[in-house]
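> So TrEMBL says this about it:
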type: SIGNAL; residues: A:1-25; note: signal peptide
type: TRANSMEM; residues: A:35-51; note: transmembrane segment
type: TRANSMEM; residues: A:58-76; note: transmembrane segment
type: TRANSMEM; residues: A:121-141; note: transmembrane segment
type: TRANSMEM; residues: A:189-207; note: transmembrane segment
type: TRANSMEM; residues: A:227-246; note: transmembrane segment
type: TRANSMEM; residues: A:258-278; note: transmembrane segment
type: TRANSMEM; residues: A:284-307; note: transmembrane segment
type: TRANSMEM; residues: A:348-369; note: transmembrane segment
type: TRANSMEM; residues: A:408-431; note: transmembrane segment
type: TRANSMEM; residues: A:452-470; note: transmembrane segment
type: TRANSMEM; residues: A:476-495; note: transmembrane segment
Amino acid sequence: MSTRATRLFPAVMLSGLLAAAPVAAQTLDDKVNEIFASSTGWFVSFIFSNFPGTSFPWIVAWLVIAATVFTFYFGFVQFRAFPHSIALVKGDYSDPNDAGEVSHFQALATALSGTVGLGNIAGVAVAVGIGGPGATFWMILAGLMGMASKFTECTLGVKYRNEYPDGTVSGGPMYYMTKGFAERNLPGGKVLAVLFAIFCILGSLGGGNMFQANQAHAQIANVVGDYPGWITGVVFAGIVFAVIIGGLKSIASVTEKVVPFMGIIYVGAALIILLMNFQYIGTAFGQIFEGAFTGLGIAGGMVGALIQGFRRAAFSNEAGVGSAAIAHSAVRTKEPITEGYVSLLEPFIDTVVICTMTALVIIITGQLVTDPETGLLVLNEAGTAIQTIDGNSGVALTSAAFSSVFGWFRYILAIAVILFAFSTMISWSYYGLKAWTFLFGEGHAKEVTYKVIFCIFVVIGAAANLGPVIDFSDAAIFAMAVVNIFALYFLMPVVKKEMNSYMSRLRSGEIKKFV
Amino acid sequence: MSRKIVVGFDGSEASRRALDFAVKRAKLQGDNILIAHILEWSPYSFLTPSEIEERHRRRKEELERAESAIITPVIKAIEAEGVPVTAMMKYGHIAETICKISESEKAELIIIGRMGTSGLSSRIFGSVAGTLAQIAPVPVTIVP
């Protein structure tokens, strides 16, 4: 293992552009961390720069405005079409003769296993740990609005996908940017597609990879005690390598089958904890509403809570980012819009249900320290985050919250985190690969190159500190959203046409239920 | 008027016995045979992104393989005996799909073989023959 790490180190140094002068006494983890932080800092500060003279990042406004525009443009489709979405997932409108093809349920489940993951466990803990209970309110709101963004991008993903003669399909923002823009005689589709593909590759290495490896390591270290992060990284990279390069499909398919059950266990445990503490639920919601508009003493007040909530919601459900459009585009359907309806359930399940559970458990179990006299939250010494009972943050905070009720839950959570991290990595390696082949063309050598890079970043992610990794992960994923949402504005009339035509045929009875 | 008999057939020993039994009956009574080949499939299973991408191609391959390796040879053999025969390939839950086919094709009898599993596994997972006996819309003959 150590030889592998030393062989890998030159690559790490290169990618870090030799930015930091290593000090002899530093550990490998420290070096990786330092190089990483200094080489990605400029990108992070650009994406998260504030509007001049305010403390409000433009990227957060960009996402929220888009979700609001889509919500109004499609007439609150996320609420009106919700029952129809459920009927589609149940298969009420699926032709039995198409059995054996990818069902709506399967496309939704696969897309969900790419998004349900650390964002729901660690990301929410970060949001609540910095933004206070009020961040939950903004997170739920962002989740509800994000349903409209998801609806738009997934419909387009199916409509403009490429279908090859051998029956395989490739879809995603790259394809609707090129084909959709050409169809509407708009210039610049190709430029957008290339930009998106670049950011998608970065995002696949950041949020889809390093953040996962990082938090998986934190979780294992939390259970077995501290040890160097690169060890976790090398083990994880080895398994990912076996699956995506070695073609060891069995590991991936076992994970895909276990992950949904882990999700159910997670939500089930959260519900039990909430029921056991039902007398505090009212207080918790009180804190959430009050905190949403006052901040309850956190750094940045209401805006601070709002930014944390929106950021973590977007990072968790990926609405507007464009990744889901890649996952959903392979479904078998004659109507692209049906996949849009199905996909709008994704932010709902991911953010409005699962993320909210995590937040409520953290708040209800009293992990955040409040001043008994003022009722305000107490900040840590640096004033950057809220004081927690044991000084936990990220996934360790969630773990502490669940374990305060069920002592054994930290082990379950550790397994869940590792599996979620792994399934998210597999999904994102696929998204990144699709972007990579879009840029460089298909071919064995090209695909293996990407996959090897992906595995190297697993090690970097596990070794670096949470701060720089989480910043870079967010920045790369939000950069995808910048390009994707820009394209969505130009293509949203296409979706509206599809929606109106489908809805009128549904009402006239031309589209029938099979069940 | 000749009756239509649905025979559940997957190429296994048990299903061959059922088909032989059905052919004998059909010959004597002038019935015709509908071979139902069901590929086990649930729309609620979980797939990885790359499995999803390849699914449509795989389905085509699976159907082609089933047709050439399983269905075509037996159809030829039955036709040679002078019994009118057709075949259907469907994806789905085996017992439920056989029932649906019997209804839509207005069959009067279902004939299936049984695997002969007993004990724990069939108690937990059920068996096709047992399920059909419970839910079939027409009489079922189970060939041992």
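Every residue, even glycine, has its Cβ placed from backbone N, Cα and C.
Are these features on the surface or tucked inside, and what touches them?
Within the chain carrying the transmembrane segment (A:58-76), a Cβ under 8 angstroms from the stretch's Cβ atoms is held by residues 47-51, 142, 145-146, 148-149, 151-152, 306-307, 310-311, 314, 319-320, 478, 481-482, 485, 488-489, 492, 495-496, 499, all 6 or more beyond its ends.
Beyond the transmembrane segment (A:121-141), the same-chain residues lying 6 or more positions past its ends with a Cβ under 8 Å from any Cβ of the stretch are 215, 218, 266, 284, 287-300, 302, 304-313, 315-316, 351-352, 355-356, 358-360, 362-363, 368, 377, 384-386, 388, 392-398, 401, 413, 416-417, 420, 470.
Only residues 6 or more beyond the boundaries of the transmembrane segment (A:227-246), in the same chain, are considered here, and those with a CB under 8 A from a CB of the stretch are 1, 4-5, 27-29, 32, 213-214, 216-217, 220-221, 252, 421-422, 425-426, 429, 448, 451-452, 454-456, 458-464.
Note on the transmembrane segment (A:348-369): residues 78, 82, 112, 115-116, 119-121, 123-125, 127-129, 132-133, 135-136, 139-140, 142-144, 146-147, 263, 266-267, 270-271, 273-274, 277, 280-281, 284, 287-288, 312-313, 316-317, 377-378, 386-389, 392, 397-398, 400-402, 404-405 of its chain, located 6 or more positions outside it, place their CB under 8 angstroms from a CB of the stretch.
Below 8 angstroms of C-beta separation, residues 110, 113-118, 120-122, 172, 200, 203-204, 207-209, 212-213, 215-216, 219-220, 222-223, 236, 239-240, 243-244, 252, 255-256, 258-259, 262, 265-266, 269, 323, 326-327, 395, 398-399, 402, 451, 454, 458 of the same chain, each at least six residues beyond the ends of the transmembrane segment (A:408-431), sit close to that stretch.
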> If we skip the immediate neighbours and take only residues 6+ beyond the ends of the transmembrane segment (A:476-495), which ones have a Cβ under 8 Å from one of its Cβ atoms?
43, 47, 59, 62-63, 66, 69-70, 73-74, 149, 151-153, 155-156, 159, 173, 176-177, 180-181, 183-184, 186, 189, 192, 195-196, 199-200, 202-203, 205-207, 314-315, 318, 320-323, 325, 337, 340
> Going along the chain, which residues at least six beyond the ends of the transmembrane segment (A:258-278) come within the CB cut-off of under 8 Å?
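109, 112-113, 116, 121, 353-354, 357-358, 360-361, 364-365, 402, 405-406, 409, 412-413, 415-416, 419-420, 423.
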